[in-house]
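Enquirer: Residues or ranges marked as transmembrane segment by TrEMBL: 12-31, 37-57, 78-98, 104-121, 133-151, 157-175, 206-226, 232-250.
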Amino acid sequence: MLGVIYKYIRVLSLDIVVGACVGALFVASLVKVNLPWLLLADLALSVWLIYTFDHLLDARKITHLPSTFRHAFHQRHANALSLTWLFLAGFGICSLFLLPIQTLQYGLILLALVALYFLFLKLVGHLPTVFKELAIALIYTAGIFLGPLSLTQQPWSWYWLILFLEYAALAYINLAEFSIFELKIDTQDEHGSIARKIGEQKTLRMIRVIAAGMGGLMLAAVLLFYDHTTLFFATQLLFLLMLGSLLAIVQWPMIFVKKERYRIWGDLVFLYPLVFLLSK
């Protein structure tokens, strides 16, 4: 029973929504901000709307029975999901104007970028495939950081940029790994992905390069911003654990390919900061 419930949680992208909220709370704790509940609710709603819209678009493009349960579900229940989407989008737009003005300003900029992303998909049919995962990773990370950074009273620190890049690297590696495991499915359903564009081996090499780059960011953080606090050490250790967990997926693919464990584990990684939050 629990397995069935979790299956639908994943299909509806609710696990990703929770991961984004946990990430925002984590960043807020680093920049010493208490996030208003409405801001957190709007983040959750925004993530769900973006991911559901993307899944509905993908499902609509497939003229045959989709190869994945996720797209089959969105194809089968397109009308109900679309009505729910419109209702929640209207609610979300109204609630935006209750947010702090500085958050609203940055939020509208991000909303415009998301709209441009989907408009480009509509006009061109697809992003240059190498950049699709990058665009999604950056939008996801920007959504997580937007609220906390818009409200913090702390002076700007370049360390925040390093944190942003580290988080974005994790999100990109996550998506690139999924494209490897779903290469056959994406080919059948004619979905663009980086693995389809440059191949499995080049995608693996790219993941390793990004992981090495993230290691460089961690080293830069230590050399430039280490303040001898437990908070700094715990933050970088957390990112290292998240990175190691993601790399384990491609290191032992035969373990994670079964029952879509790569997706389960890959998305659960973004709940790791919850341990950090609960331990404070």
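Heads up, the Cβ atoms here are built off N, Cα and C, so glycines get one too.
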Enquirer: With CB pairs under 8 Å as the measure, which of the listed stretches 78-98, 104-121, 157-175, 206-226 comes out on top against the transmembrane segment (37-57)?
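Expert: Selected stretch: 78-98, with the most Cβ pairs under 8 Å.
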Enquirer: What stretch, picked from 78-98, 157-175, 232-250, has the most CB pairs under 8 A with the transmembrane segment (12-31)?
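Expert: Per the Cβ under 8 Å count, 157-175.
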Enquirer: Other than its close neighbours in sequence, what residues sit by the transmembrane segment (133-151), given a CB gap under 8 Å and a spacing of at least six beyond its ends?
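Expert: Same-chain contacts beyond the ends: 20, 23-24, 27-28, 30-31, 33, 35, 39-40, 43, 46-47, 50, 100, 102-103, 105-107, 110, 113-114, 117, 127, 160, 163-164, 167-168, 171-172, 174-176, 179, 193-194.
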